[in-house]
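> One structure follows; several queries about it will come next.
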């Protein structure tokens, strides 16, 4: 996906990028490739691939979730900033918080945020299980995102505690998510959520399947969740 295709593809979805925003994406790409030589951020480094599989893929969440109505977003396990930072570039009013367990990545994100001239971004080096118990962050966010970092049953325990009541948890998944959704239903219900919609679409050009799962927070998460670090992954809430 070249820059013209990227711009036109977003335009079709009602997202018009300014020259400044296009510069931000260009800087993002340059920093990603440069820092990737020092640390493992991504296996995808070819420009057309980055624009398609990282930038466009991240922004695709906004085709189904109205981020214009959101104010606060938390991204769990964002790695090199996906999906939250491409979303932030497109919707600059958002206050974005990223939590990641690797301090090197947090250092990269802090530097990147400055280079992109982003405002209202915060980066935390922490485990999601610990972060979700913090009074400052628990049930504080309009929307929480996660992109393919774990199974849905595990992700729900890491993410739903951070979502405020009536807010959304948005999980971005690659191939068919049917099995994950089925095994994740118990965890979602236990943690106060309910699946609102599942959007399946084809990523342009390469036509690979993507799924965006939108979960609404209906009630408070019980105080015992999330459990201690590592437990959600070892013993997911599955029925």
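The backbone N, Cα and C atoms fix where each Cβ goes, and this holds for glycine too.
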> Among 147, 151, which residue does Swiss-Prot annotate as binding S-adenosyl-L-methionine together with 77, 82, 128, 129?
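Only hit among 147, 151 in Swiss-Prot's S-adenosyl-L-methionine site, alongside 77, 82, 128, 129: 147.
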> How big is the S-adenosyl-L-methionine site in terms of the longest C-alpha to C-alpha distance among 77, 82, 128, 129, 147, in angstrom?
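Those residues reach a largest Cα separation of 20 Å.
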> Among the binding-site residues listed here, 82, 128, 129, 147, which has the most company in the form of other Cβ atoms within 10 Å of its Cβ?
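Sorting the candidates by Cβ neighbours within 10 Å, the top entry is 128.
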> For the region 'Disordered' (216-239), how many residues does DSSP put in helix, in strand and in coil?
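DSSP classes over the region 'Disordered' (216-239) add up to 4 helix, 2 strand, 18 coil.
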